[in-house]
Every structure is written in structure tokens, then in C-alpha cells.
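Enquirer: The structure follows.
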Amino acid sequence: MLLLPLLLFFPSLLGLLFATQNSALYRYPTSDLFFGYIKRDVFHYLWAEKLSSSTVKDQLDCGFLCLREPKCHSFNMAAYPDSKGVYLCELLATDKYRETEKFHANVSFHHYSPLPPCESAPCKNGGVCVPEYKWSSFHCDCRPGFCGTHCERGGNRTCSDTKYCIPEAKSGSYVIDPDGEGGENF
């Protein structure tokens, strides 16, 4: 795994690299300051909508293009240069966390994405972590019957979980299933 710290400051042609471990990908709309902490997934490719394709001399150039494009959330870059010594850079409108089913091993490309809070897999019980890069945060999309910040509550294991996670549940009798082996409403 390779992490690329990037900081861009573009009032002119000045480019400055800066490492920060607490950031993912930031763009300030009222200034020319951009920075990000980017992870490389070697020999992986995200098959997603391309914002643009360009040729670049190295991974930093591709990263700078992504940081300058407000809709860019990640990028694919050729693992090997072409006959002219440049690399294909594909800017993407999504990332591997939002489109996990489209993220695959690939012998020709490396995939680069911001290092979000989702990297630590904070969502429990099959919940899907959705990064919120603007705030360097996330939220969990919980499976039906689960709730909580990290989808940690639910599964019909207690009366409290059922009431808390399914507020539209009607009054009645329910089977509580503490061991998770299945149960049905009466």
C-alpha cells in the first residue's frame, strides 16, 4: 500500500507537496488551496464513469488533475508508460467505497482513492460505509432491522433494539431472537 500526501497551492505555477495524516481530500471553493491523502491499490481498477482521460508523466500529475476537478473522487492510472513514456490517467466521479462491486484486480492499472474513514470498516452487521469527504467523515447505510451510528443496534435481539431500530413497528407480539437463528412475528 502506498499513501501519497498531496498539497497544491496554485495562485501561480507554485506546486508544494505536504503530508497530513488527518485529511482525505479537500478542496476549498473560495481559494486556490487543495490537498489530499491518497492511497494506491496496486493492480486494481475501478470500472466507473470517467470524468476525463489524459496522459501524464507520473502519479503526482494525475493526483493534481483529480484535486483540481471538483467532481473527481478517485482515479485509475496505467501501471506502465506507453511508447512515449507517459501514463494514461482516468479521473472518476466515484470511488471504490461507493462502487465496491466495480472494483477489481487488473494487470494494467493502479487505482488511487482518498483515504477515508471507511478504510477501517466502521459499519457493523453488513452496513455500508459511505464516505463524506467534504467533512472527512462518513455515515453508515444500515441493513433493514439495524440502526445506530455504526449499525451496531438491531437484529431483533432485544425489545429495545426492535423499538429503537424500527420506529414504525406496530404494537403487538414479536419473537426476540438473541442468538440470531431466526424468528417470526406472531
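Easy rule for this one: first residue shown is 1, then count along the chain.
From the backbone N, Cα and C atoms, a Cβ is placed for every residue, glycine too.
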Enquirer: C151 pairs with which of C142, C147, C159 in a disulfide, per TrEMBL?
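Expert: It is C142, per the disulfide annotation in TrEMBL.
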Enquirer: Which of these, C123, C147, shares a disulfide with C140 in TrEMBL?
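Expert: Looking through C123, C147, the record in TrEMBL gives C123 as the partner of C140.
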Enquirer: Provide, as an integer number of angstrom, the distance between the C-alpha atoms of C140 (disulfide bond) and C151 (disulfide bond).
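Expert: Counting only the Cα atoms, the answer is 7 Å.
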